[in-house]
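The structure under discussion appears below in the form of structure tokens.
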Amino acid sequence: MFLKRIELQGFKSFADRTVLQFDQGVTGIVGPNGCGKSNINDAIRWVLGEQSTKSLRSGTAMSDIIFSGSEVRKPVNLASVSLVFDNTQRIFATDFDEVEITRVIRRNRDAQYLINRTPCRLKDVTDLVMDTGLGRDSLSIITQGNISSFADAKPEDRRSLFEEAAGVAKYKKRKKTSLAKLEATQANLERLQDILDELERQLGPLEKQAEKARRYISLRDELSSIEITVLADEIGSLKEQVSQLEQDIDHSRIQEGRMSEDIQRKEASVADLRRETTELDSRILELQKQYAANLQERVSLEKRKTQLDEQRRRLLESGSDEDRRSQLQALASEARLEYEDRLDRLNSLEQTRQETEQNLADLRQKQEVLQKERHSASNRLQDLLRRQDTVTAMLRQPYTHQQGVNAVMKARQSLQGIEGTAAALLQPKEGMGSAVNAALGGAVFNIITTDEQCARGAIRFLKRNRSGRATFLPMSVCRPRFPKKDQETIAQAAPGAVGWAADLVDCKDRYRNVRDRLLGNIFVCDTLEHANETARRLKYGIKIVTLDGDIVHTGGSMTGGSQKQGSSLLTLQDEQRQLEKRAADAQTAVQELSRSLAPLESQVQQVQEELVQLQVERAKLENIAALKKEKYESLKSRLAAAGEEEDRQAVQDSLAAELSRMHRTIDGQESQMNALQQHRRETGESLTGLEEEIRILRRDLSALQNESRKGEVAAAGLKSRMESLLMRLNTDYTMTYEFALTQKRDVDLEQARIRVRELREEIREIGSVNLDAPEEYDALHERYVDLKKQKEDLEEAGTRILSAISEMDETMTAQFDEMFHKIDHELDGVFSAMFGGGHARLILTDPEDLLTSGVDIDVQPPGKRVKNIQTFSGGEKALIAISVLFAILKARTMPLCIFDEVEAALDQANVERFARYLSKFKEDSQFIVVTHRPGTMEQCDDLYGVTMQKDGVSTILKVRLEDAREMAASA
């Protein structure tokens, strides 16, 4: 292996691309001081990985090695150096005949390394040249400073050169790494032991907790298995009861409907019978009046007949026909006038009767409409009362689904500072129940307490009695939450704005902070569309709810859909208030309709009586008019035959016939009145019977409605209980009723209930349990085992490291001892040659410890006594140091050596000795010698002259001395 060439560009004073070709042998690099010849040595060390800018004689930054320019040359931005080695002997562990190592640096950037023009790491370069004799700190690169340092060094510091020669540097590096690993291992062992000690301290109590938790979990699982069966059975039983009750209620409602229809039919029949009774009474009254009129008429006829008999007697006595005719004419005229007067009165009466009948029809139509309205209002009132009873029953047990809340509210008298739930203290305004319920969410069941101490007392109560959990809001720490001014302005101006939720709730002054805390920054819109638009305007910064209970949360997520009727406490309260108002309105409507019907019924009765009176008068007038007409016609006939006796006899016969007819009429009227009165009595009896039936039906309907309401209340209670059990099934076991049925076990339910109580008692006796303990214990124990294994691994690793260090110590001791004695053996001869006689030897300061012993040098120049190296002059020390260096080269051949003015301190005679001795090694080693001493130059095979012109750039010139000598000899 030898260095074939160096390529430089932009490195220090070598601004331009410069190539130095080398052959085997000795190559000298010469030039005046300051020309840049030592920069070649620096370049080699830089490529091999030198990181110290001080050692490279540059500035403070590595980029300072880049050519920085001169008065006539601009600076460059890149420095590059390449070393090209011959590798035909495979000294480098790579299958290339040539190995090129390059280092490049650019301004303001890190350096880049390349091997055969492939980017690599500094470590790759270091590993490549290791054990080849090359390296930035190896024996292959020696400077004047190295010679001086070696000569003046302490024995302990001087041994590094011998270690390098012995090849133990890599072992020392490995040992240092191994010692660091061993130290880290020991530190890890100590840390692991501390952790293991702490884990052992934790594992004992945690194991007990884990065992307790496992016992609890076992009991809880058994309880779950049995209780799921019990719950499923109870829910199924409740479902059956509710279903049966609902069937009974539906059947009752069907019966109520039928009974109501029956009552309506019977009430219609009663109305018809009452109308018929009224008509019968009217007809009876009419007949009675007709009968009385006929009796009066009969008296009048009898009186008239008596008068006629008297007139006839007088006429017969007077015997004057003219007088009879005049009298008949007067009677006929009088009869005609009476007849016409009766006709006029009859026509007027008929018109009045028709108007009265029309008025009666109108009144009856109004009466029927009002009766239907009253019946509808009464049914609506009954429905509202039934729903009101149901809601009231549900409100009597408002916290069935909240076990903890229910327990606290039942025990509030024995607990201090329990104000009530948020639902009880905050009353939504009418129609705002769904919105406020949505705004509060789970906070609707927050229990408001006077202060934190009261809340803690209630929590202790729940824990002590295992009565579930609840959320408490102490008034003492309750602070309002309000929107920002800009949010308030934007929300109020948004479409569909209803208002801030806190403004839609009524509460006492002392609960205002609670209201504003829970609802102060929640806005209400009328619809979900407007809520979305408002949320966008507010950049989803606040919660918005709608009147239907839909929610747009902060961030934009939405909650909505259908809800079961009465699914929330606030909704029930709102519904109850609305039901109370609607029931009151319905009751008022029924009363108003009843009050409106009373005068109308009185008017109907009065008009009916008026109509009867008109009918009686009409019948009377018709009868009288008929009589008057008949009398008039009779008188006309008689007037025509006034002179005849037969006429008088005809009048008498007519009167007799009229009296006979009147007798028959009166007899017929008596029979008709008897029949009508009998029918009236029968109708009255039917009316009384129907009214009694209606009373009984109303009583039965009322009883049935009461039973229905009781059934609805009972069903509501059962549903509430069932909902509570379903909620418990879902909350405690996260399963539906349908799934619970699939888990139901075939057990004796009574025994199962007993076992549930026993298990609950056993669980209660266990007390507080850390359910995470088994998992924590397993994890902690697993970690303990793992750390224990790690500790064993570390102990084993420590043992292996100690063994490796011991082996390295043995190797280093053997190699150092061998190399030390070789060098010591060679040193005496080299010293004698360099000094022209005398002796020199190496001395170990601590022969018992070869790994740390320093190396001292005792020399005996010719004719002088033995002295230590430190006692000699500078030149002598330099020559002694060079002697040691040559002894090392004899003991260990180096493929490449670079000497940078190592002989600068020697006089001319010693330089010549140095140069001649150097020539002895050129068959085995390649030397690059930076020098300005002629004696050294003469022994070189090639010379590179380095010069620097005014532009501050180094240039080179190569001279082959053998050729020069031949040319000189031939001349």
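Glycine residues also receive a Cβ, built from the backbone N, Cα and C atoms like all the rest.
Note that this is a predicted model, so its numbers are computed, not measured.
Taking the Cβ of Ser38 (ATP binding site) as reference, residues of its chain lying under 8 Å away and at least six apart in sequence are, in sequence order, Arg57, Asp900, Glu901, Val930. DSSP assigns Ser38 (ATP binding site) to a helical segment in the three-state reduction. Annotation source TrEMBL lists ATP binding site at Pro32, Asn33, Gly34, Cys35, Gly36, Lys37, Ser38, Asn39.
What TrEMBL records for 172-387 (among others) is coiled coil.
Per TrEMBL, the feature coiled coil maps to 569-645 (among others).
Cβ atoms under 8 Å from those of the coiled coil (673-707) belong to residues 252, 255-256, 259-260, 262-263, 266-267, 269-270, 273-274, 276-277, 280-281, 283-284, 287-288, 291, 382, 386 of the same chain, restricted to positions at least 6 beyond its ends. For 673-707 (among others), the entry in TrEMBL reads coiled coil.
As annotated by TrEMBL, coiled coil applies to 749-797 (among others).
Sequence annotations record features per position, and here TrEMBL assigns domain 'SMC hinge' to 416-535.
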Other residues, Cβ within 8 Å of Pro32, Asn33, Gly34, Cys35, Gly36, Lys37, Ser38, Asn39 Cβ centroid (ATP site): Ser13, Gly31, Val946, Met948, Ser954
Protein Cβ atoms within 10 Å of Pro32 (ATP binding site), excluding its own: 12
For the domain 'SMC hinge' (416-535), residues assigned helix / strand / coil by DSSP: 66 helix, 22 strand, 32 coil
Lowest local Cβ density (other Cβ within 10 Å) among binding-site residues: Asn33, Asn39: Asn33
Position of peak Cβ density within 10 Å, selected from the binding-site residues Gly34, Gly36: Gly36
Model confidence over the coiled coil (569-645) (mean pLDDT, whole number): 64
